[in-house]
Amino acid sequence: PRRDFISVTLGPEEVVGVGGYNNSKAWRRRSCWRKWKQLSRLQRSVILFLFAFLAVCGVISYTSMGEAWKSITNKSLDEQRTEQEIPGLKLANPAVLPAPQKADANHGDFPELSLQKPPKLPHVRRGPSNLQIKAPRRDVRLKTRHDTIRAVEELVEADKVEKTEKSIISWRGAVIEPDQSTEPPSSKIKEPEKPSSMEAEDQKEPVPINERQLAVIEAFRHAWKGYKDFAWGHDELKPLSKSYSEWFGLGLTLIDALDTMWILGLKEEFEEARKWVANDLVFDKNVDVNLFESTIRILGGLLSTYHLSGDSLFLEKAKDIGNRLMPAFKTPSKIPYSDVNIGRGTAHPPRWTSDSTVAEVTSIQLEFRELSRLTGDEKFQKAVDEVMKHVHTLSGKNDGLVPMFINTNSGQFTHLGVYTLGARADSYYEYLLKQWIQGGRKENELLEDYMRAIEGVKKHLLQRSEPKKLTFVGELAHGHFSAKMDHLVCFLPGTLALGAHNGLAADHMKLAEALIETCYQMYAQVETGLSPEIVHFNLHAQKGHKDVEIKPADRHNLLRPETVESLFYMYRFTGDKKYQDWGWEILQNFNRYTRVATGGYTSINNVQNPSNPEPRDKMESFFLGETLKYMFLLFSDDIDLINLDKYVFNTEAHPLPIWVPA
């Protein structure tokens, strides 16, 4: 049959190239090697470099992607675990001191606190969960709270911000180097902006709670038991008669203690108090309140608790009371009246005078300024800033020292010639420094007034006692020096130390060290180990006499916090354990002479009689709001538990954020 194709068979020798092409691996290897050898040395070097570079890049990419994937996986596992423990919980990104918005924070559960030492857990810190979160955002549904021991005790380490240099501000030996990024303060309050999220930082090792802190927690719970059993929702406990007293009828003790409970990690107590605030705290009442006391205790307490917990309930209540206090500023001089009817919206001076005390009108600024920052409403800050600017320009000062009274009609100082750092003037000096710190150390008029005042104290009010040569702060009345010192003056060592920490003259810290020794001796030289309200110092050595003399009318003790407050600052800035030991002695003596068996602590009439200190049957709200809070912080070795580079305490021990962290 016919075929349509031709078959041709070729031998191996007829294929191109000697030996022919057979597509074998050996032939291909010989061919590639031949071509590689045909390349120049430069070409081969370039190819080898490129391969090496790609290999290095691949290794680096694999490592970074592996860490990122591991981080995402761990985060997802943590969130799943948290949501299993607390359904619906979303952990908010921590932020560093933004201008905050309202937060719709759930107030849910908090971690159970036991008086037993907690077990050691990884990355666990006792205290409020988001203590260093400065302010919540609108989209934050629920703040990290003390709902599990893990959530309670995690604190985010603060951003390490490099300090930059700007022009140096010098004032009588003080050298201040403000942040280069800061600008002169604006008279207009801008609408708060949403905080920017912060990159995740390494967690610090937890600082375990110690026995002394546990003792403070036990003391607080004992005091709280008396308040809850006999004075719930009222202003102050009368522990002996198992009843209560009213001042404003606004639950002062409860509000004053809110942030203390948060800092101590007391879950159940805080939740009970929060429910009372939500359901029973009503400011629409026909009642006169003192502008100063209601600002530092109620407004300050609500703002502080809002910042620590992120619960917008407290901010709403703060705005309510803030607005109701504003009629006090409707005076001819803009110096506010001392009393406000928060129901009627009217204000008036005391019945016996048209004067206000200087300390009261100049110690409400931290709170109203922060309220403006949070709400974006400038009226609050504008009102209190006008007061400070007016006082700055007044005559009648003595080397920066101010009289005790100011007239609300004329706006002038009255009762000239009397100068003290005690009652009616004390917190004026404290708030000069703290406003300067709060505003980012930019308002130089405040710094000038503070520095001038400290120089005035050194020149006119400092003396040394006999026989121990204790440095103390006396009073000046029409040129006559009095060796009288209120316990209230013991705020000064802490304030001086805070100023030195913020870059003021080093001799301020030396003076602080001398004064805190004096304040401690006001306890140590007394029979009960508790300080009286007022002491007089001996200026001349007398056989058988101590440095401290106490008059019968001055020998009461009101459970005041000022010495413990300064001990806290001194320990925080120096690390000297003696300050903790002194505070421990004071706490033991409070337990020994002021503790009431059925609950609560009482002020006493006679610190010189250990066998009968004559209890007064009253527990001031500041015992829970200040004294025990400072005790707890004093005994802690955790500097991030209310970091003093991020918070400034008002004069009622309520921490408020610093606007531009140092």
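Placement of Cβ uses the backbone N, Cα and C atoms for every residue, glycine included.
For E293, E533, the entry in TrEMBL reads active site, proton donor. Annotated active site per TrEMBL: D426, E562, in sequence order. Taken from TrEMBL, the feature Ca(2+) binding site applies to T651. Taken from TrEMBL, the feature disulfide bond covers C490-C519. According to TrEMBL, the region 'Disordered' annotation covers 172-206. Under the heading transmembrane segment, TrEMBL lists 45-65.
Annotated features taken from TrEMBL, shown on the structure.
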residue: E293; record: active site, proton donor; CB count, 10 Å: 17
residue: D426; record: active site; CB count, 10 Å: 24
residue: C490; record: disulfide bond; CB count, 10 Å: 28
residue: C519; record: disulfide bond; CB count, 10 Å: 28
residue: E533; record: active site, proton donor; CB count, 10 Å: 19
residue: E562; record: active site; CB count, 10 Å: 24
residue: T651; record: Ca(2+) binding site; CB count, 10 Å: 25
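In terms of Cα distance, the recorded positions that sit within 10 Å of E562 (active site) are C490, C519, chosen from E293, D426, C490, C519, E533. Closest by Cα distance to E293 (active site, proton donor), from the recorded positions D426, C490, C519, E533, T651, is T651. Cα to Cα, the residue listed as 'Ca(2+) binding site' and E533 (active site, proton donor) are separated by 18 Å.
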